[in-house]
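According to TrEMBL, the protein has these features:
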- 11-22: compositional bias 'Basic and acidic residues' (COMPBIAS)
- 105-180: domain 'DOT1' (DOMAIN)
- 1-37: region 'Disordered' (REGION)
């Protein structure tokens, strides 16, 4: 079964928001005050108890701030969506990753480099915003641009794994990831987790499930994919026999697979999965409104057995 998505509009960086939308109602958070040794209080009734609880979690967790009140102010300004400032940090992280590449001018096309907007489009096609306890795997991860961005922007993804065969690119990817870990990586991830907690009315402390991100050098055919729920294959340079072998591996190992995406069509598709094609913004199609084709695979819906 084949279909086609309408080409999505390329997303622009989202602006900071002062309004929070939850279950159809709008809440406008009031100013926050913070006194040493006391809990954080909202001075306007528009802030819900859940928001106060989550703000307290943030105050407890923001060790990168000397002033916890500043941390709360920043999170309030940021809202549920990523702010321009945070988007710039993500972009800077991507540029740091990109600048660590081997310098091969053809590598961007061969290894399927996605732009920041392309990663967001891919995440939408894979359903990462609606997934539960998702585990995302990037096969042929290059220097890890998508790996870093998905970890930063998608709190429902509890594990992010990048796999790269090239020793040079894998080494650069690991080095940049460690550099980001020493900087803003954890703070941005906490904001994403807390935003999700506010939006969904979670009672449990979301910081207890902060998730993990890993970048490894290795042969994708030797990597354990049993945990994978969502897989991206940067397959522009892969031959048909590799794609067939990989499809077989996904069917045998990734028994909880919810969605997969490949820049090159799997020759026989993925048995039991429907195939649709969509368009993604990549480094070589940045000025092309159509973008580059990607093939999405999702499990076919099973009809209920007659009684």
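One-based numbering along the chain as shown.
Quick reminder: no glycine exception, Cβ is built from N, Cα and C everywhere.
Quantities reported herein were computed from a predicted structural model and do not represent experimental measurements.
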Checklist entry - So what pLDDT does the domain 'DOT1' (105-180) average out to? => result 83
Checklist outcome for this item: What DSSP reports for the domain 'DOT1' (105-180) is 38 helix, 15 strand, 23 coil
